[in-house]
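Notes for the one structure printed next.
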Amino acid sequence: MEWQFFTEVLVGGLLSGVMYSLVAIGFVLIYKTSGVLNFAQGALLLFAALTFVSLAERGLPVWAAILLTLAAMTIIGALIERTVLRPLVNQPPITLFMATLGVSYVIEGAAQLLWGTQVHGLDLGIDDLPLEIGGVLISSFDLFAAAVAGAMVAALTLFFRYTRIGLGFRAVADDQLAALAVGLSLDRIWTAVWTAAGVVALVAGLLWGARLGVQFSLSLVVLKALPVLVLGGFDSIAGAIVGGLIVGAVEKLAEVYLGPFVGGGIEGWIAYVAALGFLLIRPSGLFGAKLVERV
Amino acid sequence: MPAVLSEPVVSPANGNVPSALAVEAVSLSFGGVTALSDISFAVAPGEIRAVIGPNGAGKSSLLNVVSGLYQPDRGRVWLGGHSFAAVPTDRLAKLGVSRTFQNLALFKGLSVLDNVAAGLSHRLRAGVLAQVIGLPAARRERAEAHARAEELLAFLHLDGVRDRPAGTLPYGIQKRVELARALVARPRLLLLDEPMAGMTLTEKRDLSGHIRAARDDLGTTIVLIEHDVGVVMDLSDRIAVLDYGRLIADGTPDDIRNDPVVIDAYLGVAHDLEAGEGI
Amino acid sequence: MTIHEVLLSLDGVEATYNHAIRALSGVSLTVRTGEIVALLGANGAGKTTALKALSGLLPAERGQIAAGSIVYDGEDATRRSPAELVRAGLVQVLEGRHCFRSLTVEDNLIVGGQVRGLDRAALRSELERIYALFPRLRERRRTPAGLTSGGEQQMTAIGRALMARPRLLVLDEPSMGLAPLVVEGIFAALKRLNREEGLSILVAEQNSTVALRHADRASVLETGRTVLDGSAADLRERDDIKAFYLGFGVGSSTAAATTPTAA
Amino acid sequence: DEQYFPLQSYRVGPYAAGGTGFFGGFIDYLTLVNNRDGGVNGVKLTWDECETQYEVERGVECYKRQKNRPGVAAWNPLSVGIAYAMIDDVGRDKVPLITVNHGRTDSTDGRVFKYVFPLLLNPYSESSGIVNYIGTREGGLEKLKGKKIVVLYHGSPYGKETIPIYQLLAEKYGFSVEQVEVPHPGNEQQSQWLSIRRTKPDYVVLRGWGVMNPVALKTAQKVGFPADRIIGNVWSNSEEDVIPAGDAAKGYTAITTQASGADYPVLQEIAKTVYGAGKGNLDDKKRIGSVYHNLGIVNGILNVEAVRIAQDKFGKRTLTGDEVRWGFEHLRLDPARVEALGAKGLFHSINVSVANHEGEGRVTFQQWDGAKWKVVSDWIAPDWALLRPIIEKSSLAYAAEHGIQVRDPAAEDASN
Amino acid sequence: MTDLALEKAGTATVRRLSPAPFGIGVLLIVAYGVLPLVASEYLFDAILTPFLALALAGLGLNILTGYAGQVSLGSSAFMAVGAYAAYNLALRLPGLPFLLDILLAGLVAAAVGLLFGLPSLRLRGFYLAVSTLAAQFFVQWVFNKVGWFSNNSPSGIVTVPPLSVAGMPLDSSAGRYLFALGVVTAVTLAVWRLVESPTGRALVALRDHETAARVIGIPVLRVKLLAFAVSSFIIGVAGVLWAFAYLRTVEPAGFNLDRSFQILFIVIIGGLASLRGAFLGAALIVVFPLLLARLGEALLGGLFDSGVLEMSQRIVLGLLIVTFLIAEPAGLTALLDRLWNRIAGRFRRTG
Ligand SMILES: Nc1ncnc2c1ncn2[C@@H]1O[C@H](COP(=O)(O)OP(=O)(O)OP(=O)(O)O)[C@@H](O)[C@H]1O
Ligand SMILES: Nc1ncnc2c1ncn2[C@@H]1O[C@H](COP(=O)(O)OP(=O)(O)OP(=O)(O)O)[C@@H](O)[C@H]1O
Ligand SMILES: [Mg+2]
Ligand SMILES: [Mg+2]
């Protein structure tokens, strides 16, 4: 039965990994267009989930709550572009990184100010009863989440593949001054991308919220997404998925099979160490764009 | 087109004329693109050797091979009596080689003086602690480095911007700072990649003077990539011409000026040259 | 070719970086439709700053226009975003080959054409136009621009700007790093476009010999100020003026001239 | 005269739910006493809040600031970290530090920790209480022999603190224990629960914190482990821990020192007079009678009663911190007194002394039925005989390390 | 070339310490002479001492991030290493003079920093930044897991022994402040010497153009690792101050990711590659929230509960960060310089 347990852990890990990917995708979107690690992604996630849940609790039908939340995310995206990104155009990534940290304070504060600090339950109406497939336990909720993530990745990949916007995105990430000079509308691109990141945050927030409850700690799930990012490459949607799968599997297998030897609880860092080891072989992740430079 | 070599290459290994730099059958390609193919040539000590050729001919790649930033697929590089399959960049400065870059490679946050003084980094002996505590040896070393750097600033007329962060200077001046940084160590071999791009005629003239002075006063051997043909003809003792990664000519300025192959590939019709940027 | 109304005019433009470093203190110049204007001046005279100012790129460099007016095509250019200006036909080739490094050469060109929203076929033919001008680029079109040679990058940058079919092309030191034949080729091509399509050109150049040979008129900047404005032919003739605007290094004697004064 | 309660509260951040409930209840009770009785024997109760976000440095800053107000009665930080950082200072400033239901175990020994009061419960007595409860469920402690218990603990000092005591309890009662760590913050527990599923324990003790608790319950459901076999500890026992888990929490049982619900007279009174007058502290009236709110109220009762007891000795005026400390050391509320306070059934009794700063409190267990907590056990006493020696060993070591003179309770009682 | 393209910030960096030794003199006199006499316990314990500890940590990180251009998100791990090392040294080698204890603790932190600096030889930018999180989480885990480090304290929180130097007890608020001040002054002086030295210039060279640095003969690997070691050393010492002079307790949770961000934030808001920056940034991060809290309380305390106030403060703080970054990406140092220039300019004109 050992192999069965192994399979169970592996499958469980892979499915958890998909949940990480959901969060990671939001990061990728922003990184792709500004070369910046967006630390406000966690706050966006919290804000989206909290807004949705609070609206739903106030008796709004689910579709209306989702629409209103989407509207809110759009407004936030536009506001961030206007007040933060535009004045900081062409600044080094570290500056923008810090700015996103500031933004995350604002969003977190605003979210809790608006909706309070209570803990909310979030029921998406998906039963999470154990499913036995060939003797291996699989969570139906995780399967659903995986399907959502898959759909999202497919949609985004198609979008990038079949529109020229993807090219513009990479151009902006490469050199903002040149992007301005060739007439790319950074304002529009950024608004769109931050809104998209907000939508991704909403999806991730709902799924994670259904697991954790909607509360402040929701913003901490980004810590699970970071190793996924470095492993997959900061600027690759596909990398976010593959990275997520790897991180999920490594984490769970390590915790179960390695944990007992060192006292357990190694999940918090093992993903980072694994990602680090991997990076030493491929310094820009699995699918990340390689650094292009010459003299 | 067969390579036109006006003179057989003297391999430093067996030859009688010791060269300051020699490359021997160097080839380099990047996934299908041949940047250098079977290049051999030697530079005599004290020579000013220009390398010219169309864009993408492989000139910068050649310097990068010589300074170890690129590893050739085949061939060897001779530097000051040593032969390398891949030049160790870390030891370059100690081998008496310094270079400038085609795209600016200054330390933008450092002042002009510190940029230039940094050119002497490989000479420093004092450890970190000695520097922090300020032991006499460290202080002396530092003072010497600064004195040398100041000398060069004066030499290249840069003393007016001595304390400005290099990144805020106009392009042409940054180029000159880079030259100062390369010169400060009194290299035996100096590699210059388009040092005069973005300069006015007067400045080019000045700089040519400085380069010549470096050779005359310090005996530095100079390899120079430059697109300003007027400057090249005027300044160099010999000229190597690259095209599509191959050495298509190597000779004195006069040879090159009249070489139909070179005119075809690079110079264009002769009258352009006359009307061009003669100094 | 007839010279029409004023397409671009700068009047008394003053600009600072970071609200502190004064880079321009009175630049005036005009470009009429169908004209080629050269902007000359020594290192640090303010050419690049002036060009960035007129194409709206100064804010991205933390620079500000402190005074003066810039009018493009009859409208105040300082109020329009760089993207709007590009759409209105004002396209700049930046100093120092700002290519999108990780994009291939061809993708760089495509991005340049994006403002026009071309369909596939039109895009193809536009690319062919650029490749005809720079055959070298065709060979390198699949290479990330960041890895190509200096000259190839410069060609990419110029080609990218041409992809947008500008009405006013602003070039900052286009000859830098290019082989003489290529420089001639570019200027010949630009001249042709100028003749055939009425493309107006504003070019900042150190290589004044080349620039003056092709320009109709020239403006000379010194320490952030327009000091001379005249026909290129006149300037070509006058050695005294050449000596005047070519500047002399930044030795201690002329440090004051090239070190911007704090505001 | 005024007696001042500085509140190092936290209403923001990851633990905001606990902070708003606890400090809300505390304030509500103080308000009640002021409104109803005009204070304690005419001495008005005052307080102000200083937000800590559960961060130690902020707590320290609050301490240094708030301690300058006159008439400080006692400190109630509800944070282990902040409490530790204050231990030296409260000793020097001679003001009691109340760490209800938490705090360091060895501070139960008041002979060493003169100013520290881990009232009602400490981690060791809590663990013992939980094991005793499992014993009663199994029909007697002797039935524990051969049983298998997994302790799922939060990967923090707090979580780890009870590892040795569970080991000890396992040895004593003959059950086997496996202790499994969940790394902070605990939003992912797949691997732990898969392991648990494989181990097939009889019970899982949940020693969680914040988000870890609902996730544990959800993941348990996911692997098919029944919720009624999960026993939560005192920081896993609130509504906030179960509501996000939804149905998965149905049947989950947790320890508590105070029952929840708003049926007790004191709560009715608070609801009527305090909230009725619009002076209630909770934003959401539905939370009246919730676990943290009730803990805050009980904490309020204990503080106020300590002041009252001290006033009986020192006079009906603003007391010094040291006098209030004396009050705490003589805080004896038997069930009759508890009933008189309108808290019968809310909590059982307390009996603090110089030697025992905890008060031999009793615990009870509540089960979540999907909407509210229901008490499912009697008041259970921990195994003091087992615990006291361990506590003393630790406290005496501390005394030796810090050069503290161990007090002699008999002598002190005689001198009073 | 540069890691997170610090080049823009770089252009305004590396200035000499303030050109006004006069100003520094005044500061020192106030810090050593005036404050100990007039400051209250609150000022010492709640403001000055944590300010000093954080400023020191900022100084340490500035060497790595500001000067050498390597972004680290794991600073508080090194603080933790310093704090725990000092605690264990004091515990296990009772006779050890405390100054030596600090030095050794710093060295331990430096060694750990060196280890976690190794990836920097290959990684860049945010890839490196995120991988420093490995240090953050691993170190925290170790201190949590291995009871030995906290002397098997059941709660994992340890109380440090009282501070005394050369037999002189420094247990009062003022004493601990003065001790921290002494350490900070000494380290700042050393750091100043370092960044002004050729090695310090080499750090910047590395940041601005690694290839060029290599070509001119700067031993890139050695210098990079040196940056990690020195930076971790200083951050480790800051950790010792945090534990011994400020909180007097140590727990792993106190050295969490938020603290790392806080330190990074100090460095960036203060000004990369500037010594003053660390102090200005630390002042902002320590003092500003307090001011805001007091102000909010005074103005609105009656109207809203502390939670609402706190949330509003969070928003204000976030806005402030963004505003400062927009006003001057090069940090408070540059902002002050600019203001000063303007004032001086006006003065000159009128005077
Ligand atoms: N790292 C690299 N990766 C891929 N291709 C490269 C790389 N370096 C050089 N090349 C290619 O090799 C060829 C030679 O480049 P090199 O830079 O040596 O040309 P060059 O002679 O210096 O040209 P220019 O005068 O334009 O600077 C070019 O076509 C360039 O695209
Ligand atoms: N980003 C910047 N920040 C601060 N000062 C700047 C900046 N860019 C340019 N300057 C200053 O503005 C002045 C004008 O520079 P500009 O680059 O416009 O000159 P230029 O004529 O283009 O020179 P070059 O021929 O060398 O390119 C110079 O003194 C320069 O130091
Ligand atoms: Mg080249
Ligand atoms: Mg320029």
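Our numbering is plain: 1 for the first residue shown, then up by one each step along the chain.
Cβ coordinates are placed from backbone N, Cα and C, and glycine is handled just like the others.
Per TrEMBL, transmembrane segment is recorded for A:6-29 (among others).
Within the chain, the transmembrane segment (A:36-56) has long-range Cβ neighbours (under 8 A, six or more residues past its boundaries) at 23, 26-27, 30, 62, 64-66, 68-69, 72-73, 76, 80, 93, 96-97, 100-101, 103-105, 107-108, 110-112, 114-116, 120, 122, 197-198, 201-202, 204-206, 208-209, 214, 216, 218-222, 225, 229, 234. If you look up TrEMBL, you'll see A:36-56 (among others) marked as transmembrane segment.
Residues annotated as transmembrane segment in TrEMBL: A:62-80 (among others).
TrEMBL lists A:92-115 (among others) with the feature transmembrane segment.
Sequence-remote contacts of a segment are chain residues at least 6 beyond its ends whose Cβ falls under 8 Å from one of its Cβ atoms, and for the transmembrane segment (A:135-160) they are 4, 7-8, 11-12, 15-16, 18-19, 21-22, 25, 29, 126-129, 166, 169, 200, 203, 207, 210-211, 237-238, 240-241, 244. Taken from TrEMBL, the feature transmembrane segment applies to A:135-160 (among others).
Here TrEMBL flags A:192-214 (among others) as transmembrane segment.
Positions annotated as transmembrane segment by TrEMBL: A:226-250 (among others). Remote same-chain partners of the transmembrane segment (A:226-250), defined as residues 6 or more beyond its termini with a Cβ less than 8 Å from a stretch Cβ, comprise 10, 13-25, 27-28, 31-32, 37, 149-150, 153, 156-157, 160, 170, 173, 270-272, 274-276, 278-279, 284-289.
Residues or ranges marked as transmembrane segment by TrEMBL: A:256-281 (among others). Outside the transmembrane segment (A:256-281) by six or more residues, the chain places 9, 224, 226-228, 230-231, 246-247, 250 with a CB less than 8 A from a CB of the stretch.
For the transmembrane segment (A:192-214), the partner stretch with the highest count of Cβ pairs under 8 angstroms, out of A:6-29, A:62-80, A:92-115, is A:62-80.
A Cβ distance under 8 Å defines the sequence-distant neighbours of the transmembrane segment (A:92-115), meaning residues of its chain 6+ beyond its ends; these are 34-40, 42-44, 46-47, 50-51, 53-54, 76, 80, 84-85, 216, 219. Beyond the ends of the transmembrane segment (A:6-29), by six or more residues, the same chain brings 37-38, 41-42, 44-45, 136-139, 142-143, 145-146, 148-150, 152-153, 156, 193, 196-197, 200-201, 203-204, 207-208, 211, 221-222, 224-226, 228-229, 232, 234-237, 239-241, 243-253, 256 to within a C-beta distance below 8 angstroms of the stretch.
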